[in-house]
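Asker: Feature annotation from Swiss-Prot assigns Mg(2+) 1 binding site to Glu166, Asp201, Asp229, Asp270; the stated evidence is a curator's inference. According to Swiss-Prot, the feature Mg(2+) 2 binding site maps to His204, Asp238, Asp240, an assignment based on a curator's inference.
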Amino acid sequence: MATYNYPEFGAGLWHFANYIDRYAVDGYGPALSTIDQINAAKEVGELSYVDLPYPFTPGVTLSEVKDALKDAGLKAIGITPEIYLQKWSRGAFTNPDPAARAAAFELMHESAGIVRELGANYVKVWPGQDGWDYPFQVSHKNLWKLAVDGMRDLAGANPDVKFAIEYKPREPRVKMTWDSAARTLLGIEDIGLDNVGVLLDFGHALYGGESPADSAQLIIDRGRLFGMDVNDNLRGWDDDLVVGTVHMTEIFEFFYVLKINNWQGVWQLDQFPFRENHVEAAQLSIRFLKHIYRALDKLDIPALQAAQEAQNPLQAQRIVQDALLSSITVSE
């Protein structure tokens, strides 16, 4: 039997948190501290990295987080400032209140400091409240200027830290400012700094009507793919389901694009197992990602590229199926 040198796997720490929605306002489980979540991530057994929301839960110190990560054998890949909570319900970068914008910038500067302290790869910027809900609500010119200028100021003040923008079409805003791969790349071009890139969420690309593989290629071609998250959904909402449960072929194409471009990075989960066991959901996800990795090893890439050159979809599918389905016969 072949042995495989699998990639490193990671997860957003929220994978192990408690969730609420607009119906179950009392939550789907007990409140869990940052330390509790790190300990749960440890139970998965095959995670190397976690992305940590910041600030940490009340009462948890940076020193305690460092100790917990060390004890769990985990490292921080990113810090995600929570610039989407109640305080910034009208926006972070684009809030009409200058004081609210200043408070958001302060939190993001603090997050850059945490990245340095933990040796993480980047600050993940997900400005979920930046955008609008109604026609005529905003000046699109002014809103875009606030978003782009704000990112430029933030990244320019922290040139030693990478900032990865995670785009998404909508939710919580009806329309988010950073809503697509193309728009995010245009904004990064306007920003004009090397330390600003993209964190590509597979589910956000699906939900936005994109091909995640196509989006990945677009971003890689411009040297801006700083990180990625995988999950799954039914394309009508950001369901954050367990990866591979719906779009198996498209997730394979996504990782194929990463492979042929020699993109080296953590294979990271961004999932919300509301009703499922959090640890088991992560373990099942990693099991599937290992299947994908083995399938990439089996894939006849020259034959596939010849089929693609001829734009022969049936031949391409035959080659893909031979690799993808045969990889699943190996038990985990």
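Placement of Cβ uses the backbone N, Cα and C atoms for every residue, glycine included.
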Asker: Does DSSP put His204 (Mg(2+) 2 binding site) in a helix, in a strand, or in coil?
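Answerer: Once the DSSP labels are grouped into three classes, His204 (Mg(2+) 2 binding site) ends up as helix.
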Asker: What other residues of the same chain, not counting Glu166, Asp201, Asp229, Asp270, have a CB atom within 8 A of the CB centroid of the Mg(2+) 1 site?
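Answerer: Here the non-site neighbours turn out to be Gly12, Trp126, Leu199, Leu200, Phe202, Gly203, His204, Met228, Asn231, Gln268.
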Asker: Within 8 Å of the Cβ centroid of the Mg(2+) 2 site residues His204, Asp238, Asp240, which other residues of the same chain have their Cβ?
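Answerer: Near the Mg(2+) 2 site, the remaining chain residues are Lys168, Glu171, Asp201, Gly203, Tyr207, Asn231, Asn233, Trp237, Asp239, Asp270.
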Asker: Given His204 (Mg(2+) 2 binding site) and Asp229 (Mg(2+) 1 binding site), what distance in Å do their CA atoms have, once rounded to a whole number?
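Answerer: About 9 Å separate the Cα atoms of these two residues.
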Asker: What's the number of neighbouring CB atoms sitting within 10 A of the CB on Asp238 (Mg(2+) 2 binding site)?
Answerer: 20
Asker: Provide, as an integer number of angstrom, the distance between the C-alpha atoms of Glu166 (Mg(2+) 1 binding site) and Asp240 (Mg(2+) 2 binding site).
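Answerer: Between the Cα atoms of Glu166 (Mg(2+) 1 binding site) and Asp240 (Mg(2+) 2 binding site), the distance comes to 14 Å.
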Asker: Just how many other Cβ atoms lie inside 10 Å of the Cβ on Glu166 (Mg(2+) 1 binding site)?
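Answerer: 23, counting other Cβ atoms within 10 Å of Glu166 (Mg(2+) 1 binding site).
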Asker: Give me the non-local Cβ neighbours of Asp201 (Mg(2+) 1 binding site): same chain, 6+ apart in sequence, Cβ-Cβ under 8 Å, ordered along the sequence.
Answerer: Glu166, Tyr167, Lys168, Met228, Asp229, Asn231, Asp270
Asker: For Asp240 (Mg(2+) 2 binding site), what residues in its own chain, 6 or more apart in sequence, show a Cβ-Cβ distance under 8 Å?
Answerer: Gly203, Asn231, Asn233, Asp270, Gln271, Phe272
